[in-house]
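Just below is one structure, and these are the notes that go with it.
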Amino acid sequence: MTTITEELIARLKQGIISGVDLQPRQVNVGTVIAVGDGVARLSGLDQVVASEIVEFPPKAGRNESIYGIALNLEQDSVAAIILGDDESIEEGDLVTSTGRVISVPVGQGLLGRVVNPLGQPIDGKGPIQYEKMRPIERIAPGVITRKSVDTPVQTGIIAIDALIPIGRGQRELIIGDRQTGKTAVAIDTIINQKGQGMVCIYVAIGQRRAQVAQVVGTLEKYGAMEYTIVVSATASESAALQYIAPYAGCAMGEEIMENGVMLNGQLVKDALIVYDDLSKHAVAYRQVSLLLRRPPGREAYPGDVFYLHSRLLERAARLNEEYGGGSLTALPVIETQANDVSAYIPTNVISITDGQIYLEADLFNAGQRPALNVGISVSRVGSAAQTRAMRAVAGKLKGELAQFRDLAAFAQFASDLDATTKAQIERGQRLQELLKQPQFQPLAVEDQVAVLYAATNNYLDDVPVAMITKWRDDFLAFLRTAHPEVRKLIYDNRLDRKFPTPEVKEALEAAIKEFKATSNYS
C-alpha cells in the first residue's frame, strides 16, 4: 500500500504548477447578444478594431473555436460576420478579440492544392506544409515600386495574343453572358503557362461544387495543377467566406510576386490569378452588407462596392528590379445579363481594369469560339505586351478585321458589290475563321506567328473559307514534323526589332510554298 507523504504532495504540486502559465493576460471579452444569417451582434468588445478576428471559444457541444471578422463598430455593439457555421453560436455565448487580422498560409506548400478561403486544404491530400502566413488585406504597391508592363502572358489563344495582348502585371477583364466561354478562356490560359515560368491561382467564387471539381480535373488532366493553386468558395459556403476568397488568393499571389517559389528547379516570381467571378463576389458582399444593415445604394449594393474591387485589382502589379522584378497578373471574370455591359458592377470593373475581353453570346451560338467581339474588346497596354514577332504580324490583322467589319455591315444593304469589295469581305471571313480555336488546344507563339504571317501575306487567298481551320491544323502539323527548324528560328528571333529578318522570312515563305505545293484545299 502506497502512503501519501509530504514529499509526494510537494512533487504533485510542482508538476501541476509547472504546466500552468501563471502570467496575467489582458483579454477583451464580450457576449453574443444576437446571431443569425451568418452575422453575430456582440456586446462588451470595446477595444476591438475594424477587420479584427474575433473568437467564439469552444463550449459544451462544440469542440473547436469559431472565428468571425468585426466589420461594423457601433456605439454600443459590434457586428461580426461569421467564418463558418453559425448554428452552434447562441445568445449569451462568450466572444474574445484576438488582436489579429485574418491571414492565410502562403508559399511553396500550396502548389497543386485545393484550399478554402482560410487556406485550409479541402482536397483530401493531408495538411499543408507552410512557413509563413500573410494578411489577406494589404495596400497595393506604390507608383515608385512598379514597372511598366512589357512582357507578354501568352494565353495560347491566337485571337487574344494577336489582338488583345495581356502583359505580366496587367489586369484584363473577361466579360460576357453566362455560357459564353469565360471560364474556358481562363483555363486555357492557365494550361498554356506550362513551362513558361508562371504560377497560377484560380479563385472560384459562388460556383457549384461540381463545376470546381471539373476545373480541377481538367487542370490535372493537362498537367497544370503542379503549378496551380485553387481557392474554392462554392455557392454552399457562407457569404462571408465568398467575400474573403479573392483577397486570400491575392495574398498567395503577392507572396509569389515578392519572394517567389521554386518551380522545376527555378525561382519563379510571376503569378497569374483568375477571379471567377467578381459578379458573384459583389452579390456576396451585398448580402453581407445588408445583413450588417449598411445603407443600400444602386441595385441595393453598398456605397463602397467600387472600393471592394478596386483595392483588390490594384494589387496586381509588375515590380521593378529594385523590388525583385516579380509580377501579379489578374484576370477577373464578370458575368453580364443580356449583353448589358453598362450595368453597375460591369462598368465598375471595366473602369478599374486595363482592358476587357468581351465574349458575345451571338458569336458563340454562331460557332465563333472563342466568341471574341474584337470591336468592343481592348487592351490598354496594347502592343507593349507583345513580342516583336507577334507585333509585326498582328498589326495588319487588326486593320483588316476592322475594314472587314465595316464592309460586312455595308454589304447587308448592298445588292451588288464590286470585285474588290467581295475579295476584301472574303479575306476578312478567312481571317475570322483563322481565329477560331478549339478548347484546351493552346498554340505556341511560334505557331501563331507562322499562321498569321501566311494569312496577312496573301498565302490563304486561294483557300476556301470553310477549309481555313483544316489548313491551319495541317500546316502546323507539317511545320512540326518537316520543318522544326523554322519554328525554332521564329522563336529565337521573336524579340528581334527587325522581325521578320531576311533569314526568317526566307525560311518561313519556303515552308509555306512547299506545303501549298504538296496539298490541295480547293
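Each residue, glycine too, has its Cβ placed from N, Cα and C.
Residues or ranges marked as ATP binding site by Swiss-Prot on the basis of sequence analysis: Gly176, Asp177, Arg178, Gln179, Thr180, Gly181, Lys182, Thr183. If you look up Swiss-Prot, you'll see Ser377 marked as site 'Required for activity'.
Annotated features taken from Swiss-Prot, shown on the structure.
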residue	record	Cβ contacts under 8 Å, 6 or more apart
Gly176	ATP binding site	Lys182, Glu335, Thr336, Tyr358, Leu359, Glu360, Ala361, Ala371
Asp177	ATP binding site	Glu335, Thr336, Gln337, Ala338, Asn339, Leu359, Glu360, Ala361
Arg178	ATP binding site	Glu335
Gln179	ATP binding site	Ala361, Phe364
Thr180	ATP binding site	Leu359, Glu360, Ala361, Phe364, Ala371
Gly181	ATP binding site	Leu359, Phe364, Arg369, Pro370, Ala371, Gln439
Thr183	ATP binding site	Val215, Asp276, Val333
Ser377	site 'Required for activity'	Leu163, Ile164, Gly355, Gln356, Ile357, Tyr358
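When secondary structure is read from DSSP and collapsed to three states, Arg178 (ATP binding site) falls in the coil class. Within 8 Å of the Cβ centroid of the ATP site, not counting the listed residues Gly176, Asp177, Arg178, Gln179, Thr180, Gly181, Lys182, Thr183, the chain contributes Glu335, Leu359, Ala361, Phe364, Ala371. A sphere of 10 angstroms centred on the C-beta of Lys182 (ATP binding site) encloses 26 other C-beta atoms.
DSSP assigns Thr183 (ATP binding site) to a helix in the three-state reduction.
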